[in-house]
Amino acid sequence: MGVAMTEGSFIPPVKQTILTVNDKDEVVIWDDAPTPKLPADQVYVRIHAVAVNPSDTKMRGDFATPFACLGTDYAGTVVAVGSEITHVKVGDRVFGAQNEMCPRTPEQGAFSQYTITRGRIWAKIPDSMTWEAAASLPAGISTTGLAMKLLGMPLPYSETKPSKKTYVLIYGGSTATATIAMQFMRLSGYTPIATCSHKNFDLAKKNGAEEVFDYRDADCAQKIRDYTRNNLAYALDCIINVESTSTCYKAIGRAGGRYVALNPFPEHAATRKMVTSDWTLGPTIFGEGSTWPAPYGCEASEEVRLFGTELWQVASRLVEEDKLYHHPLRVIDGGLEQVKQGMETVRNGELSGEKIVVRFSV
């Protein structure tokens, strides 16, 4: 495990400041956290911006590893490179995802001063992209890719395309994941349609939805069936409650189809045998499995690890070619205290049509 660094360059500190959950199940700032060691096949990153995801707010109780680092999405500057890395150099800008609260690697997380990249779930930031935009993308990219895999959809740039116009319903079209999913699916040859509140119709259409439906409308599912001529075969649920599952199932056409949720869904609302269903867990993109409690726990998977590598190669090309844009951002200047406040904002349901990104003072 060698490390290659330029002469007189960065030497990792012994300790750093992170955001964590203590042994009393409280989210706290810890100033005496260990820093990660750099493997030969990764790079060391000084973090400039992080994004807050709903999943970050759920890392409590049985999901928490006391004093492990919180945070998934980050963007920062490479300050050291492993000896096996040849395509990245010190000073390059990168963005990526972390497997937060992982008991195997408690020192790795996004809500910190420094981190090391994980697997191949990271990429270089093009010159045209800001820190904040880059930091907002990783979780959405990873979750979208896993959902498309379960739906049986090819990734962008694949030679395989639908042979005819094929609709896919995105329930929760104004969420940050939906923003990424609609772009990926359109680039793969599908035609997204979406549900959201009326105030966010323009946002969903900007992100690629051909048509948008108000989820509060009692006739929402029937209107979707009418619009798709009873041929809808794919639904991605970004909200996951009884209403969302029921609407997706009712909207899918007479021939049936596939429903994928971003969390375990209420199975009693999944009422049609002609519809196959599944749900995805974003952190599995690393192929490392999960030690979270049932039903979230799973074994490591080489297949998923390889898929994650392929997905992030696609994502890297998309951002380099300026074909992937970010969700509307609420940018906050500061540090980990502002990240903690952002988590409370998300946890309290005070965010709609935006994603919180904290820009660190470095």
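Just so it is clear, glycine is given a Cβ too, placed from its N, Cα and C backbone atoms.
Here is what Swiss-Prot says about this protein:
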BINDING   55-58, 174-177, 197-200, Y215, 262-263, T280, 351-352  NADP(+) binding site
BINDING   A139, G140, I141, S142, T143, T144, G145, L146, G282, P283, T284, I285, F286  substrate binding site
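In this view, G282 (substrate binding site) is surrounded by 24 other Cβ atoms within 10 Å of its Cβ, with every protein chain counted. Relative to T280 (NADP(+) binding site), the binding-site residues A139, I141, F286 all have Cα atoms farther than 10 Å away.
Of all the binding-site residues in the record (S55, K58, Y215), the one with the smallest CA separation from A139 (substrate binding site) is S55. Here the candidates are the binding-site residues I141, T143, G282, T284. The one whose C-alpha lies nearest to that of S55 (NADP(+) binding site) is G282. Compared over the binding-site residues S55, T143, T280, T284, the count of CB atoms lying within 10 A of a residue's CB peaks at T143. Taking all protein chains in view, 28 other C-beta atoms sit within 10 angstroms of the C-beta of A176 (NADP(+) binding site). For T284 (substrate binding site), the nearest of the binding-site residues K58, A176, H198, Y215 in terms of C-alpha separation is K58.
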